[in-house]
Amino acid sequence: MAKQYETVIGLEVHVELATKTKIFCGCSTAFGGEPNTHTCPVCTGMPGSLPVLNKKVLEYAVAVGLATNCTISRYCKFDRKNYFYPDNPQNYQISQLYLPICQNGRVEIETEKGKKFIGIHEIHMEEDAGKLIHDEWDDCSLVDYNRSGVPLIEIVSEPDMRSADEVIAYLEKLRMIIQYLGASDCKLQEGSMRADVNLSVRKTGEEGFGTRTEMKNLNSFRAIARAIEGERERQIELLEEGKKVIQETRRWDDAGGESYPMRSKEDARDYRYFPDPDLVPIVIDDVFLEKIRKKQPEFREDKMRRYKEEFDIPAYDIEIITGSKHMADVFEATVALGSHPKKVSNWLMGETLRLLKEKGLDPEDVSFSPENLAKLISLTDTKAVSGSVAKEVFEIMFARDIDPEKYVEGHGLKTVNDEGTLRRTVEEVIAGNPQSVEDYRKGKEKAIGFLVGQTMKAMKGKADPGMVNKLLKELL
Amino acid sequence: MELLGMTAVELAAAIRKKEVTVLEAAKAVLSQIEEKEDMYHCYVTVDKEGALAQAAAVQKKIDEGFESPLAGVPVAIKDNMCTEGLLTTCSSKILGNFVPTYSSEAVLNLKRAGAVILGKTNMDEFAMGSTTETSAFGATKNPWNTKHVPGGSSGGSAAAVAAKECFYALGSDTGGSIRQPASFCGVVGLKPTYGTVSRYGLIAYGSSLDQIGPLCKDVTDCATIMEVISSYDPKDSTSVKRADTDFTSALKDDVKGMRIGLPKDYFGQGLDPEVKSAVQKAAKVLKEKGALVEEFDLGLLEYAIPTYYTIASAEASSNLERFDGIKYGYRTESYEGLHNMYKKSRSEGFGPEVKRRIMLGSFVLSSGYYDAYYLKALKAKALIKKAFDEAFARYDVILGPVAPTTAPGLGESLSDPIKMYLGDIYTISINLAGLPGLSMPCGLDTRGLPIGLQLIGDCFQEKKLIQTAYAYEKVRGPFGGREEKVHGKAI
Amino acid sequence: MANMISDETIEYVGILAKLALSEEEKEQARKDMGSMLDYIDKLGELETQGVEPMSHVFPVKNVFREDIVTNGDMREEILKNAPGEKDGMFVVPRTFE
């Protein structure tokens with residue numbers, strides 16, 4: 001029965017821009033300040049305060065618009081969206097309705113079902129709201145305006161998606177583009193990327209759209225996928241029972257796996273938009289547009305193509321490395337310093353990913369410099385350190401970005417190539433492990449591995465395993 | 001010369017020449033306030049201690065060589081401009097306890113010029129009104145006749161100048177709120193070109209129309225104050241960079257060849273005959289001095305008021321949303337839940353005229369009505385602006401009355417809003433078109449109430465207004481203080 | 001009066017504007033709004049086809065700030081006038097159900 005229905009999904013994606021200051025005032029956008037310490041008369045709606053647009057916000061918005069194949073409006077304005085809520089200090093949000101900055105774009109996504117274009121209706125600039133904290137003790141709410149006025153762009157898609165897979169592919173695509181632009185870190189969990197899902201269902205083959213609902217509070221890909229499935233089922237059930245879907249905003253409760261209507265009759269949803277008289281129009285000329293266009297980075301698809309041509313590394317490595325602009329930057333910079341691409345890729349794919357996972361970090365959080373990675377690779381290339389020492393040093397470099405050369409020097413970790421010392425240690429190991437020696441002599445080739453290990457251990461890893469191997473064979 | 005009778009520029013000169021100290025001036029005006037306030041009620045807040053402290057500080061600066069054309073002169077500020085540490089109420093209960101932690105840019109400009117701020121003047125609540133009767137703190141009376149209103153919304157500022165309770169004052173003008181009370185109180189008032197004086201710190205009524213300007217005793221003061229308060233302010237996106245703010249350079253007694261247009265519709269039905277004849281007489285004076293004066297058709301006059309009330313109410317309904325009992329101002333005593341708190345705080349905090357305009361503004365912006373009302377009004381505004389553009393291709397200055405009548409009696413206007421709004425008919429379109437407008441006294445009616453003359457200029461042409469006004473003033477002679485002859489009593 | 005304003009309209013606008021009017025005020029508001037709208041309807045006489053709506057009277061455009069932090073911690077000032085304050089935040093009636 002459910003198979004007769006098709007799901008129609010459009011997304012409203014809010015992205016917090018990576019500016020230093022808020023959209024209309026000189027307050028910091030940094031996370032983690034004490035409540036209301038990043039506020040001023042403008043972002044708390046004090047009487048007589050006035051907004052002035054942060055130029056960087058416009059630049060980022062245009063850059064995202066260009067990267068998503070939008071038409072950039074040569075004339076755009078800000079409008080006021082009027083509604084009362086305590087997180088909104090003016091009780092209107094400065095946004096764009098009538099003349100948004102970008103329109104009519106599209107991005108290509110790929111799912112198991114193949115490639116497809118998702119249309120972008122518009123992208124507009126707006127301000128974020130403050131934060132409400134519930135105070136159980138006094139049974140009230142508390143307002144912190146540190147986030148009030150943080151710049152957002154809202155990317156409104158066409159209702160072109162038909163499944164959760166497509167939605168996630170679309171979000172991944174947007175995230176990649178925006179991260180590559182450096183316009184935002186796009187973290188769903190932290191709220192720097194937020195997606196509202198507009199969903200309706202219709203009988204397969206029907207042309208028109210059904211009544212849609214809007215779902216909010218989706219802060220992971222998993223929640224999005226679950227919410228889509230849940231809402232689809234809810235709507236189909238209503239229709240099968242001969243009931244109607246009500247156009248409303250619903251809040252997804254991921255723990256309960258259910259959604260609830262969000263607003264009361266006191267919210268008329270009549271926003272009385274009108275042009276904000278406190279802000280002047282934005283006129284975009286060719287010079288400005290060209291400046292932004294020139295600054296556009298090489299995006300992921302192009303990068304992947306180029307890596308394939310330039311570097312002899314596996315397709316899988318390319319996929320992972322280009323999956324983060326920062327990772328790709330580290331890769332390219334290290335290679336540019338003379339390191340072998342395959343070796344750089346190995347460090348990133350192996351130890352780096354392992355440590356990121358272990359510490360619960362994102363590729364964007366990688367903090368060691370390409371210079372230091374190049375130095376470490378060179379230390380292993382010249383066999384100045386052994387593989388195990390290199391890993392040890394890397395772990396410290398990963399945490400604190402130390403200079404590996406100085407560290408190895410300072411901690412006496414250089415490989416011992418003095419044959420006399422090494423020969424003495426090997427002799428001691430042979431003497432101390434008669435059983436293994438005997439095994440080896442009886443033809444158990446593997447036993448030599450144990451002896452190599454014992455020697456390396458005795459040398460605290462500072463020996464060249466090849467040389468140890470050679471000496472062992474010679475002495476046995 | 002009697003100290004309180006001096007103009008701001010005269011007082012500043014006397015202070016410079018050490019004939020008067022700043023403290024003496026401040027004390028004199030404070031004692032005048034003490035004596036007259038019960039009668040006129042020009043102020044919401046008088047900052048006696050602050051004024052005396054500022055006076056001492058400014059005197060010290062002057063003694064150390066500080067020079068500015070208004071240094072040491074006591075000034076009154078309309079109560080919709082934020083003043084750091086000083087109560088700023090907009091004459092509304094909802095801001096009855098609001099003490100800003102920052103000052104408006106215009107006030108900062110005055111402070112930098114060595115002004116001594118006396119206090120905050122009464123006004124129509126949130127500048128909505130034409131009589132200063134909508135103030136939550138009681139009406140201001142017209143010093144020329146206390147049975148009459150001083151006009152509004154900057155009625156407190158105009159009355160304070162007329163009553164010598166300050167040497168000059170700042171007001172704000174959204175639809176005539178400087179010019180009309182200046183006219184009713186027999187003082188000079190100027191609404192500058194939109195964008196000339198920063199709106200930062202001015203509590204907004206109609207953001208696209210609001211401008212701060214001076215209310216003062218003569219045209220020389222007007223030009224001097226304008227030089228001090230005009231500035232490009234990066235905090236106000238609508239602020240305009242101007243290189244031509246040397247307004248005192250226009251204080252020239254010369255109108256030869258000045259092309260002055262009298263719009264016929266400004267002299268038509270509804271205009272009081274006494275006002276009409278006084279304004280026409282002023283035009284004749286200018287003609288005799290060599291100006292080229294002629295009548296012309298401006299048109300669209302009857303559309304100005306509906307256009308204005310649609311735009312101003314819409315903007316006001318949004319601008320006043322921030323008064324919600326959360327961040328500052330009045331919060332109702334008891335409430336059940338958030339929305340009830342909003343509604344009760346706002347309903348108890350705002351007066352009837354403010355509520356009327358918020359309701360109208362919310363309605364014209366609401367779903368289904370935006371195009372028919374708001375958008376239509378923005379188009380009408382474009383047409384009004386075009387009509388002025390065409391007029392200013394032919395004239396340097398447009399001359400007309402400020403208001404259809406002289407000051408009405410207390411309590412006469414509020415009963416019929418439309419009638420009250422009609423009183424703004426000659427001032428409103430100037431705000432819609434962003435133009436400068438100057439109001440100055442040009443006579444008294446038979447009841448002894450001042451009549452105002454309005455000079456309107458093209459955008460950025462304040463100097464032409466100042467020059468014309470200055471030339472007229474030379475012929476007219478001093479005006480302030482004439483009430484003493486009329487009523488035989490001293491102010 | 002050409003514009004008859006219904007009770008529902010007054011109720012609805014009251015929700016939008018967050019104003020709770022007394023019965024008397026509502027009656028007055030109906031009357032006032034009706035007559036104001038009659039007056040505003042006069043604009044209908046104006047031929048505005050092809051006229052661009054004018055929000056700003058001058059062609060001012062592109063006023064920007066640079067992305068530089070200029071404000072420090074102003075919490076004390078910001079909270080100074082708050083009717084309710086706790087832990088450096090503004091107190092409001094509970095917003096969660």
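Every residue, even glycine, has its Cβ placed from backbone N, Cα and C.
All annotation found in TrEMBL is predicted automatically rather than curated by experts.
According to TrEMBL, the feature active site, charge relay system maps to B:LYS78 (among others). Using a 10 Å radius centred on the Cβ of B:LYS78 (active site, charge relay system) and all shown protein chains, the other Cβ atoms total 33. Reduced to three states, the DSSP call for B:LYS78 (active site, charge relay system) is strand.
Around the Cβ of B:SER153 (active site, charge relay system), the number of neighbouring Cβ atoms within 10 Å comes to 35. For the recorded site, B:SER153 (active site, charge relay system), the DSSP three-state label reads coil. If you look up TrEMBL, you'll see B:SER153 (among others) marked as active site, charge relay system.
The active site, acyl-ester intermediate annotation in TrEMBL covers B:SER177. A sphere of 10 angstroms centred on the C-beta of B:SER177 (active site, acyl-ester intermediate) encloses 37 other C-beta atoms.
Mean model confidence of the domain 'Amidase' (B:25-465) amounts to 97 (pLDDT, 0 to 100 scale). TrEMBL lists B:25-465 with the feature domain 'Amidase'.
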B:SER177 (active site, acyl-ester intermediate), DSSP three-state class -> coil
Expressed in Å to no decimal places, the gap between the Cα atoms of B:SER153 (active site, charge relay system) and B:SER177 (active site, acyl-ester intermediate) is 5
